[in-house]
Structure formats: C-alpha cells, structure tokens
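A.B. asks: The structure that follows is given in the form of structure tokens.
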Amino acid sequence: MANADCIVIQGSNMAECHPVGFQWVAEAKARGARVIHVDPRFTRTTAIADKHVPIRAGSDVVLLGALINYVLSNELWFDEYVRAYTNASYLISEDFQDTEDLNGLFSGYDPEKGGYDLSSWGYQTRPHEGASGQSPEHGEEVSDHAEGESHGSGGPPAAAEPLRDESLQDPNTVFQILKRHYRRYTPEMVREACGISEEDFDYLARSITENSGRERTTCFAYAVGWTQHTLGAQFIRTAAILQLLLGNMGRPGGGIMALRGHASIQGSTDIPTLFNLLPGYLPMPKVELQSSQEYINSIASKQQKGFWANADTYAVSLLKAWWGDAAQPENDWAYDYLPRLTGPHGTYQTLTAMLRDEVEGYFILGQNPAVGSANGRMQRMGMSHLKWLVVRDFSLIESATWWKDGPEIESGELRTEEIDTEVFFFPAATHVEKSGSFTQTQRLLQWRHQAVTPPGEAESELKFFYEFGQKIRERLADSDDPRDRPLLDLTWDYPLHDDGDPDAESVLAEINGRFLTGPDAGKPLSSYAQMKGDGSTAGGCWIYTGVYADKVNQAARRVPGKDQDEIAAEWGWAWPANRRILYNRASADPQGKPWSERKKLVWWDEEAGRWTGKDIPDFLVDRAPGTVAPEEAGGAAALDGDDPFIMQADGKGWLFAPKGMVDGPLPTHYEPQESPVRNPLYAQQPNATRELFPRWDNLSAPSEGEPGAEVYPFMFTTYRLTEQHTAGGMSRWLPYLAELQPEMFCEVSPELAAERGLEHNGWATLVSPRAAIEAKVMITERMRPLQSGGRTVHQIGLPYHWGVGGEAVVSGDAANDLMGITLDPNVHIQESKVGLCDIQPGRRPRGTELVELVKKYQQRAGLDLETGNVRVTDPQAEVEENR
Amino acid sequence: MSAEPKDGNPTSDAHYDHPHSRRGFFTDTSICIGCKACEVACKEWNRNPADGDYSILGSSYDNTGALGADTWRHVAFIEQDSQRIEQARESGRKLVSLGMPQVGAPASGSSVASGTGSAGGGCGSGGCGSASSSDSGPTPEFRWLMSSDVCKHCTNAGCLDVCPTGALFRTEYGTVVVQDDICNGCGTCVAGCPFGVIERREDGLVDTPASREMPDTVRKPQDGVAQKCTLCYDRLKDDETPACAKTCPTTSIKYGQREDLLATAQQRVAQLHEQGMTEARLYGANPNDGVGGTGSIFLLLDEPEVYGLPPDPRVPTADLAHTFKRAGVAMAGMALATAAAFVAGGRR
C-alpha cells in the first residue's frame, strides 16, 4: 500500500480496526498519495484522510458501478491491460439476459429455488480438438446455496476454448455487456442512491482515474463493511472489475486489500474453520461426490489452464498428511474418511438446527456468539437447547455465562434451573503463552515464540486438541466399527515439549509437506509443484508448501527492513511461494517489460530467458511473454505468455464471472434486507438469492414503501472501536482497555438527536424487530444525515463490543441483539452492516416489560414471516407496466 | 535555580561526567489516529494502575480525561466544524505573517516557534513566506483532531525546582524523573508544574490489572507518591525506545535526540504550510518561552488551548528572584513598621 498513489478505503475503518496495517497508508500519504475514505461515518480513518465521502450503508455497488461507468464512458480504461489480461473480449452465451432486460434479475432465475441456473452465463466456446464428445459447460446446471464458496481462490472449473472478439465490438462480448449493464449507474444515480454529491463523486472518479495507468496505481482497502451484506461478495466483485479496467491488479500499489479482523483470520480461512472448505481452499466434498476422482473433477478439469488443474495432487497430499499409510490407492486415498456436505452447514444453519434440538454439543473457541453474532437472543436461546457446551477462552465470556446472567434470565424468558445444557469452561493460553504462526492480511506467516508459560490450567489449542484426540482414540482403540477408522487412522504423532505441549513447528512441517518415497523421502517439499497425486508426497495445505523448505521455519525469519529491500522477502513467509504480490505477471506488459520504471516489479529477462524482478514472479518462471501454449495442453502448461491470472481457468482477470457467483455474473445493486428507500435502479428490491431465515424470533422490518415501514424509520450500522476487540473477550476483561471505552454508546447526528429529543451522554433505547437495547448517546457531527430516495436518511452508529454478563470489567447491551439473520448467498455472511430500528430517549424497560416493548413494536408494524422475506419484488409486473 | 543552561541542554546543570544528548519526543498530531496504543503501552510498561471509573465521559472518544499519576500519555479528541478550522488557519497564518521567528538551518534551533501564541513554527530553507501568502485551499467541512499529550520534560522544570526531597532529578538524558523511594508525597511539585502533569498516586499498591496472577514483585506500595512520565528512563538505560513511541503505529510519536526531532518538526511544519495547512504550528520548541522550551515537542493544528495545553506556560520558579526581592522589600517594610511602632509606642 505504501506504493499507492491513491488509496480508497471503503467498507473499512482501517485506522481504528487495523491500526498497525494503517502505517502503510500513513507511509503512502507521506510519499504524497491521496487517501479517500468512503464511509457512513466520519471515523479515525477519515480524520487523516484527504477526503471523506459519506455514503448510505449498503449502496456501495451503485457508487462502484458508477465509477465503472465513468471509466467506460470517458474511455479511461487501461486499454492494453484490459485487452491482454482480462476476459473483456470473450463472448458470452447468446442465451444470457442481463438485468437490463429483466429489470433487476439475470437469466436463469428459478423463483421456486430462489436461485439461479448458471448455464446461460457461460462463454461461447468451441471444444478442444480431441476432447470427448460431451459439451463443455461453463455454467453449472443449478446453483445450490453451498455452491458459491465451494470454489476457493481457484475459481470454478472450465474447459474448452472460449470464443473471442478482439475488436470488443460484438454485442455479446464481456466488454459490451459490461457497458450496457452499468449504463444506468450515473452520478445522478449515485446522488439518489448513496446520498453522495456529484462533486464528491467527481472528486473520487478523477482521483482514481488520474492515479491509474502505466505510471500510477490506485488501491482499494475493504473489510467487513463490504462483506457483511446480503450481496457483500458482489461489492468486492465490483471493485475487482474497476481495478481490472484501470489495470491496478498484480502491480505495486494496486490491488484490493481485504483487511481481516483477528491477527490470524486469514490463517483461519487458509487452514479453515469454515464448514465448506478444506485447507488451501479445496472445497469440502459434497455428499453426491462418491469417489476422490469425482471430487477432484468437481474442483478442476485437467484441461483447464492454471494451477487448479493440479487439484488432485493437492487433495491426495492432504489425505496422505492426515491419514498417512492408511491412505492408499486401494481405499481411494481414504477419501471416504472425509465428512461430506449435505447442504449449507454454516454457523446460522447450525444455530437453527440447535433450536430444533438437532445439535447436541457445541465447541466455542475464540468466539463469543452470545455477543458477537447476529441476533444475540437467538444465539443464546439456541445454546440453551444444547446438551453440552464447551467454551475455551481467556475469561468467562458471555457465551459461557448466559445461563446465569444473560439478558433472557433478566427478562424471564429463560430460568437457570430449567436449562439442561451442561457448560464446560477451559481456560485458554494467550498468543504470548504459546508458539505458532499468525497469517495476516497480506498472506504473510509470522512465527510467534512462546514468551511465558500459561498460568494455572490454561493451555494452548494445540495441546488441548492433541490431548483431546488422544483421549478419544484411547477410548476407541478396541473399536472395530468402520466409522471410527478415520479417528484411529489419523496421523497423531507430534513430538512433545517437556510441558506436554506438542511442538508447533512439527505441525508447520506437516502443513508444509514432505516426500514420502524416493531419494528425498522424509525431506520437506519446497514447492507445491512438487506435490504428486500418486501418494508419494504428503502436505497439509498446498498453498503453504515452502514455509518449511530446507527444514527451516521460514515464517520465523526476521531480517530487519533496513537490511533488505522494500519487498522484504526475508521477513516471515508469504503464501504462495513467498510471493508478496499475487498475479504480479500483470506488473509487466504483454511483452514482459514493466509498464513503467516507476511501477516495475517483475519482468522478462530476455538474455536469461526467465522472469525476474524484485518480487518472486507469480508465473511459470521460464514461460516467455509471447508463448502460445499448445491447444491440447492443460494446467500450468496451458498458460500463454500473457495469462497472468494463473489460478483462473482461462488465465484472465474476470470482468464478467461466467461461474463462481450464485447471485449474478455482474454485480448489481440491490437494497439491503431492511432498507429505508426503494431500489432506485430496478424493480427488484433486495438480492433475490439471499438466504432467508423467516422465523418469529428473526422478524424483519418492512422496507420503505411497505406497510409499517414508519415504525422502524432509522438505519443502524455496527462496527468496532480501536480500544475494544470484537465481542470483547480479549478486551473487556482487561482494565487498561476497558477503561478507554467503558460503556456501550450510540452515535447520532445533531439532527436526529433534535428530532428524537436525545441528550448528549444521556440514555437512548433502540428497538428493532428482534430486540431492544440501551446505549449512552453520543451526539456528533461525525454522523451526518444523507439525502437518499427523496428523503432524509438517518444512520445510527453502534459499536458491538459490549454484552450483558457479570464477569467482565465492563458490560452493556449488545448491538448484535438488534441484528437479524439474513445471509449473502455466496459466502453465508450475515448482513450486519445495515438494519432498521427506532430510537427513543431514556433507558430500556427491565424484565418482561422489555419483551412487551419489542412485541408492541412488532404489532404496530404488523410484522409477520412474510415481511421482508419476499424474494422477487416482481420485476416482470414493472416491465408490463412500463409498456 | 532554574538558571538558563547556557547551551540549552539542561543536563549541563546537572554535572554529569558523561553527558548524553538531550532526548525527547516529537508528537506529530497531524498523523495521530487516536488509537491510544501509547496510553496502553505506557501503562503496561510502567505497571501503572487503571484509573478510570469505567464510565463514558461524553468527550468524543476521550474517556481518559487528563494526564495524572497513573496516566502518563493521554490522547485528546477534538471535533471541529469548518468555522473553527478557518479560525485555526487564520491564527496560524497570523503567526507566520507576523514574521515571527523563522528558522534557518535546523541545527541552529535558536529561534524556534513555540505555542506561546507568538510563533508560527519553523519553516525549512524554502522560507515561510509562501505559506502565509499562499491559498490554503478549501477548508474541510469537519475535522477530528487527535493528540497524545505527555510530560513536557521542561528545560526549566517547575516540579524539579520545587521538590524539597530531591526525589525529582534531571537524568543524563535531560529528562525529569521521580524516584519513588525518595518522594515523601509532599505534593509541592504538583503545584510547581505549569502543565498540570505531575500528580500524587492516591491508591495504595500498584497492581497490574489483568485477572491473571502476577508475581508479587510488581506490587509496590506507592501510596501518595508523586508520579509522571519518566520518558521510560529504564528503557533508555538499555538503549530502548520509550514504550509509547515504540508502539505508535503511525510514527506520530517520535523519540530521539531533541535536536534532531526539532529539525524534523520544523520540516514537517513547513511541509504542511506548503500544503495550505497554515494552522500547523509547533509547541514547546521555543527556548525563550516560560519553561525554556520542552523536551517533548508537539506539532499542533490549532491553538494550544484547544488541546488543553496552556498557551503561555511559565515555570513558577522563574519569578523566584523577583519574588524574593519583593518579599525582602516587604519584610524590610514590615520590620521598619514594627520598629516604628515600637518607637512610636516608646514615646507614649
């Protein structure tokens, strides 16, 4: 980021939530970069930005779409980059119909399923010569809801040669479709939908276009302000399209920075804690995939371009790492040992299953769902249906004590003596009390050495799970039940330290992988390209291969910045292969020369016949720029010399996503589940494929134009503060941090305060269809009402760190209690950045009166299960009307 | 007492055999993000107790309130509308156009601006004229100032001057430190500080706040002892950067030799002036102010009062000679009057 000429921070409060990473924004600014903060609130990030662009929460696709339109209609795209490195010239199926044609929906929508058949979104293709007779299909037949995330970083499989029109003139080219799709995203529309003035839009548009091209680069940074929406994944897609058009991907100071929350949240998706992923973004097998071959075919085809074609080597090496000698060709590499998905099993689906008494036990580690997850009441009620609950944390967090001092005990909805859940608490070691690695936002693994031993009974996760596994295996030792084989056959042999802690480096070595046979047997792999699908290699996470190359913990390297160049390749280790900028082949032109001296990163060395440069080239090191790969080639061998996006099935950056997104190949603006305005762009109001949870404990507020909308008239949005950490488990128990932000508060504009009679530092009660909470009032000009949809829209800011309980140094009502559960269909993330509520002065009622208050509001608004839960708001009728 | 050190280095008074260069902070508030990591790092390192009462102050994001015996770094938050910003720019412009102390080569450091209201801050060799005459650019509609305050480590330190026990001393780094095993808690220094920095610790034991058990060695009885920032004297001894500066993610808090920091500060002011931010000014950089300049220099974006800093700090002992003279005259007068009374009485 330090190399950027312009930084747009949108959907992130980077200075507050990622203050350490923010040093690079500060550095860029010191070097002269322009920093723009697009956010509903004026935050500490805004305070040192050059410009604040206030936006109505949830309208980001309109703004970004208008920037795309600005680039396209003013001919400001980076032409050479776009033609060579993106799929702009590819022809899309004749059957494809855009939202322009269907007034807000794409072709293939099935109202019954609430999802799309993706087949009409595919490329026009001609089959490879010699390929089998089956017709190459880019689109999937049906998109079910677990589909979106089942393709990790690789994108979905695709084969066959797409048809192209290099002139970009064919109406079916991606380029022309893009132009048509974003035509209605105008500055006027931005004013109308986002509440952003045309001057501010112009400033933003000029800033990013003037700071893009050969000589200059612009970067975007986002965090959960983009992801936590019913179309969050599409927010990011919109930015990706814009950055591809401007030629800002794979280049220094470019890109889209996904800022992650916890120190190793990146690590927790690489080696995932998610239900639908295996390590290295391999998808979790689905129940219908009966063999490892079917599974691997579902990930990638051997004919497709790029490194996903080697998915078999990654998957088999993983199975070998987990089950060692028990994984053999005869038992299909123990593929049957893997659990398989029968549908989405995300945290919210699990929650509803709990409420149906279908879940017996629950482990909570590093999480505090009673405070930190949407619809807190549902979370706590769900836990009360469990037989047992294990909480591993530093302190007795609210998720461990809701049964005695939670809000439902106070309101009388739960009675301690009637709760059958057995709660176990295990004290956890902190990060300084154990060794291991953090993988941060930039994919950089940094090793932590244990500084002190954990106090009392606290222990590391590694020790806990190792011993837990040992105990289970001891119990099952005599079992001949086949279902116990996966546990008994696990490789579960780590060297132990004196204190009984397994050696964390040995786990890193297992993740890195090693040769199992041949002359190098036992030696660590140095690159994932060495992985084999024949069982001769093992590796726990293919993208991490190389972190333990030469038996050296590469993540523990700490050569100071002053002793190396700016890339700092010897500080820690970044996946993959210690590359610091992904897809950096794109930092050079198609001929392999840097786009400019100022932005040079990697280039083709003609004499040596190799790619070289400051960073490790993210490309086949000897693949010359002009190479045209033979048609019959597959995988990495099929990459042409100008295919920088080596993980994509066609080697190109996708302006149009023929596969992989379940809610549309092009980002399209839909209003949030609860919105104070009608969708100004289409008759279709919300995302028609969002995941709904129509339940009486998860009612939605009516959006503008629906009956009862006036009952919950104000938007609210939730966020973090620097001083506290997420649901508070790591900060509200520490007086040094707790005293810095001791009480739950809400931020309101002076205008809203006047309208509702709120007093600064007094109390306010906020009521949503799910709950009512109280908060101290902070009246500030940092909150500003916006004009949108022909009305004044007030946004209320709510930090979500506090929870009700008796153990923390500071406690308070939880903002997430107000939130409902409605999810993005691609990644199953809840929409917790936008909701509707009312606000009134004074404290909330106590006891049963609180429950009554929430009910009274629901009745006044006439809420039922239908409210807000209609998928299609009848675009067709609208079309007829216009005729 | 408080005689001006001839070379501007307060350590020369203290007769160290091996004088170190004077150390200090330069706090550049224009790049502060208000994360308060300095407050926490300071408390962690110095094992200062938490001292809040866990209630929100209603003062923007500041729930610390002020510097004190337990809080040695304090981040102030100030929300300003465009009118106030314009006033700040105007006052800054005036400082510059008054032709107030201009700084030549940074090393001279002789006529540096301070926050006394009489100085606009240093400008590089480019000169200040451009800033005063240039267009400031559009005034933003709103801004949020953040500034991390700390002990000033004055050249003429009031607390040090008035300490009757010698608990406060001038270190070899030119900083001012309390020896808590000597301090008797008399509190004279509290009144002696023109910035209101030093205070007495009211609670008994110093204990780290975490619920985890800590060794007894960190529990030290410090009832009533005066406390303030030591500029991490113990860390300096080990050639380490003070905790606050070490932890600051944006380098808003810089630590180093005061001379170098001053040069950096002057360049930064000049840079901001060039960008039209005429409100930028230095505080504590003027050796002619009431405390002889401070070891902790600040770059402010408005008048010092806005940040809760005294515009014209003055060490109380500066007037000591004068006061003594007056007291002498008064005493003489009293003696005369008494004598006169006796004389007059004797005549009766």
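Using the three backbone atoms N, Cα and C, a Cβ is placed for every residue, glycine included.
Here TrEMBL flags B:1-20 as region 'Disordered'. Among the features that TrEMBL reports, domain '4Fe-4S ferredoxin-type' is placed at B:23-52, B:142-173, B:174-203. As annotated by TrEMBL, [4Fe-4S] cluster 1 binding site applies to B:Cys32, B:Cys35, B:Cys38, B:Cys248. Residues annotated as [4Fe-4S] cluster 2 binding site in TrEMBL: B:Cys42, B:Cys229, B:Cys232, B:Cys244. The [4Fe-4S] cluster 3 binding site annotation in TrEMBL covers B:Cys151, B:Cys154, B:Cys159, B:Cys193. Per TrEMBL, the feature [4Fe-4S] cluster 4 binding site maps to B:Cys163, B:Cys183, B:Cys186, B:Cys189. Annotation comment: TrEMBL describes B:327-345 as transmembrane segment.
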A.B. asks: Hey, does DSSP put B:Cys35 ([4Fe-4S] cluster 1 binding site) in a helix, a strand, or just coil?
C.D. replies: coil
A.B. asks: Any idea which of the binding-site residues B:Cys35, B:Cys154, B:Cys163, B:Cys186, B:Cys248 has the thinnest Cβ neighbourhood at 10 Å?
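C.D. replies: Per-residue Cβ counts within 10 Å for the binding-site residues B:Cys35, B:Cys154, B:Cys163, B:Cys186, B:Cys248 bottom out at B:Cys186.
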A.B. asks: Per DSSP, what is the helix/strand/coil residue tally across the domain '4Fe-4S ferredoxin-type' (B:174-203)?
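C.D. replies: DSSP composition of the domain '4Fe-4S ferredoxin-type' (B:174-203): 5 helix, 5 strand, 20 coil.
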A.B. asks: Could you check what DSSP calls B:Cys159 ([4Fe-4S] cluster 3 binding site) once collapsed to helix, strand or coil?
C.D. replies: helix
A.B. asks: Out of the binding-site residues B:Cys35, B:Cys186, B:Cys189, B:Cys193, B:Cys244, which are near chain A, with a C-beta less than 8 A away from one of its C-betas?
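C.D. replies: Cβ contacts with A, in sequence order: B:Cys35.
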A.B. asks: Do you know offhand how many angstrom separate B:Cys163 ([4Fe-4S] cluster 4 binding site) and B:Cys193 ([4Fe-4S] cluster 3 binding site) by C-alpha?
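C.D. replies: Here the two Cα atoms lie 11 Å apart.
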A.B. asks: Looking only at the domain '4Fe-4S ferredoxin-type' (B:174-203), what is the model's average confidence as pLDDT?
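C.D. replies: PLDDT averaged over the stretch: 92.
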A.B. asks: Of the binding-site residues B:Cys32, B:Cys38, B:Cys189, B:Cys229, B:Cys244, which one sits closest to B:Cys159 ([4Fe-4S] cluster 3 binding site) when you measure Cα to Cα?
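C.D. replies: Ranked by Cα distance from B:Cys159 ([4Fe-4S] cluster 3 binding site), first place goes to B:Cys189.
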A.B. asks: Among the binding-site residues B:Cys151, B:Cys183, B:Cys229, which residue has its Cβ surrounded by the fewest other Cβ atoms within 10 Å?
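C.D. replies: Per-residue Cβ counts within 10 Å for the binding-site residues B:Cys151, B:Cys183, B:Cys229 bottom out at B:Cys183.
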A.B. asks: Once the chains shown are all counted, how many other Cβ atoms turn up within 10 Å of the Cβ of B:Cys244 ([4Fe-4S] cluster 2 binding site)?
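C.D. replies: Step by step: centre on the Cβ of B:Cys244 ([4Fe-4S] cluster 2 binding site), count other Cβ atoms within 10 Å, giving 26.
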A.B. asks: Around B:Cys193 ([4Fe-4S] cluster 3 binding site), how many other C-beta atoms are within 10 angstroms of its C-beta?
C.D. replies: 26
A.B. asks: Where does B:Cys42 ([4Fe-4S] cluster 2 binding site) sit in the DSSP three-state scheme?
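C.D. replies: B:Cys42 ([4Fe-4S] cluster 2 binding site) sits in a helix per DSSP.
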A.B. asks: Work out the three-state DSSP category of B:Cys232 ([4Fe-4S] cluster 2 binding site).
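C.D. replies: In the DSSP reduction, B:Cys232 ([4Fe-4S] cluster 2 binding site) maps to coil.
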A.B. asks: In sequence order, what residues of the same chain, 6+ apart, have a Cβ less than 8 Å from the Cβ of B:Cys42 ([4Fe-4S] cluster 2 binding site)?
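C.D. replies: Non-local contacts for B:Cys42 ([4Fe-4S] cluster 2 binding site): B:Asn48, B:Thr71, B:Trp72, B:Arg73, B:Cys229, B:Ala243, B:Cys244.
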